[in-house]
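Down below is the structure, laid out as structure tokens.
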Amino acid sequence: MALTGLDIFKLTPKKNCKDCGFPTCLAFSMKVATGAVEIGKCPHMSSEAIEKLSEATAPLMKTLTVGKGETEYKLGGETVMFRHEKTFVNRNRFAVLLSDCMDDAEIDTKIQHMKDVDYVRIGEDMKVEFAALKYAGNKDKFIALVKKVKDSGLKVAYILICEDVAVAKEALELVKAENPIVYGANKDNYKEMVELVKADNLALGVKADNLEALYGLVEEIQKLGYKNLILDPASTSIKEAFENTVQIRRMNIQGQDRTFGYPSILFVDTLAKGDKFMEIALSTLFTMKYGSIIVLSDIDYARALPLYGIRQNIFTDPQKPMRVEPGLYGVNNPDENSPLICTVDFALTYFIVSGEVERSKMPVWMAIPDAGGYSVLTSWAAGKFTASSIAKFIKESGVEEKVKSRKLILPGKVAVLKGDLEENLPGWEIIVGTTEAMFIPKFLKELAGK
Ligand code: SF4
């Protein structure tokens, strides 16, 4: 049963010394009860109390850190079933499967595809984060595959998919320093697999024939003292995969059962049985519920755009608006004679406006001042999108060096700013633009006399 703040308070030394960063022991206890702070932050807690409390106050789902350096990712650590309850914490990651049963041409193509998909959207890197390297029976080819991917220049973390402990050991030597995931602990090999990974505390993928067997296997592995696990929600069909994945999360979060308190890995490449459209549909499904790593057969822009788009929506805090970085952006290769269109840094507004500007095929500069991440009218009403803030941005961000046309287009909904802007920006022609983005192409063409 979960401990309350008062349960924890009874065990604190009650010094109120603030060494934990909280003003009182009670405040600290309340925070520990929510799972936001670890009990060990109090240096005066007795070892018996820490032992008693640390298990009970541990987060329901473990957070695993895998990969290294610029390919280091956190998995798991979720606290709620639904995004709207609070927020999801660690976004799922995408992997592409490569195997020793593929020929060199196929492997090269997939590696190139993985390299190709690499773009930034609203400040987030959109790329394949993992190479899932699968042993399909040819040891020499598998080892060669691991070397090939390592030498390919791909910036990815690794998942070694291999249930043969001896082969996994050999492959692991090549990528051990990269903190990979080793997938393939089953009922027959789990002791050897734990032995293989525990010295380096690597994440261990666990699989079983069904959910009950998976639960039992996790218990056995935990008895060995190993808790750095990733669960494969045992399944032979899409229906079963979905049921099991949701059931694992329910037992963990709602049932407060830490045996299933680990991130998951979903092999949608296998579930989709070669249907690439089904593969994307399943990947979006498991992005929402509740895959931590989703393994695809391949990637390209057509596959990536919907996947990364939905991931970005799901794994952002619903309380905080998504923002683009304030700055000057060029659309359709503008030069110094192109007009300047101003809008806010709320991502949805930016993408709607920039999309319409792109559609117009007219070269335009876009000025995006810091408007607090709100829409045009909201930021204007909040005093964050004003004549003085726009003028300050234009004067201080170097816009005047790049834009000699001195034509500034305002959103039609804040036409009221025109007079003040003319005062704040002498030499600029302030033009009131459209009230709706869809009229922008026609407006820009007319402005250019076309
Ligand atoms: Fe209380 Fe420990 Fe925090 Fe000091 S460090 S205020 S004793 S909980």
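Note that Cβ sites are derived from N, Cα and C of the backbone, with glycine treated the same way.
TrEMBL annotations: computationally assigned, not manually curated.
Database features, via TrEMBL:
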- 1-59: domain '4Fe-4S' (DOMAIN)
- C17, C20, C25, C42: [4Fe-4S] cluster binding site (BINDING)
- T343, T349, G373, Y374, S375, V376, A437: 5-methoxybenzimidazolylcob(I)amide binding site (BINDING)
Confidence summary (mean pLDDT) of the domain '4Fe-4S' (1-59):
85
By a simple count, how many Cβ atoms lie within 10 Å of the Cβ of C17 ([4Fe-4S] cluster binding site), its own Cβ left out?
12
As a quick check of your reading of DSSP, tell me how many residues in the domain '4Fe-4S' (1-59) are helical, how many are strand and how many are coil.
30 helix, 0 strand, 29 coil
Within 10 Å of the Cβ of C42 ([4Fe-4S] cluster binding site), how many other Cβ atoms are there?
26
Least buried by Cβ count (within 10 Å) of the binding-site residues T343, T349, S375:
S375
What is the number of other Cβ atoms found within 10 Å of the Cβ of Y374 (5-methoxybenzimidazolylcob(I)amide binding site)?
19
With DSSP assignments reduced to helix, strand and coil, which class does A437 (5-methoxybenzimidazolylcob(I)amide binding site) get?
helix
Span of T343, T349, G373, Y374, S375, V376, A437 around 5-methoxybenzimidazolylcob(I)amide - largest C-alpha separation, Å:
18
Scan C17, C20, T343, Y374 for binding-site residues whose C-beta lands under 6 Å from an atom of ligand 1 and note them, or write none.
C17, C20
Shell of the [4Fe-4S] cluster site beyond C17, C20, C25, C42, same chain only (C-beta within 8 angstroms of their C-beta centre):
T12, P13, K15, N16, K18, D19, F22, F28, K41, P43, H44, M45
Long-range Cβ environment of C20 ([4Fe-4S] cluster binding site), under 8 Å and at least 6 residues apart:
F28, V37, K41, C42, P43
What residues, ordered by sequence, lie under 8 A Cβ-to-Cβ from V376 (5-methoxybenzimidazolylcob(I)amide binding site) and sit at least six positions away in the same chain?
T343, V344, F346, T349, F385, P411, K413, V414
In angstrom units, rounded to an integer, how far apart are the Cα atoms of A437 (5-methoxybenzimidazolylcob(I)amide binding site) and C25 ([4Fe-4S] cluster binding site)?
54
Inter-residue Cα distance where the pair is G373 (5-methoxybenzimidazolylcob(I)amide binding site) and C25 ([4Fe-4S] cluster binding site), in Å:
37
Taking the Cβ of G373 (5-methoxybenzimidazolylcob(I)amide binding site) as the reference point, list residues of the same chain whose Cβ is under 8 angstroms away and which are at least six residues distant in sequence.
K320, P321, M322, R323, D345, F346, A347
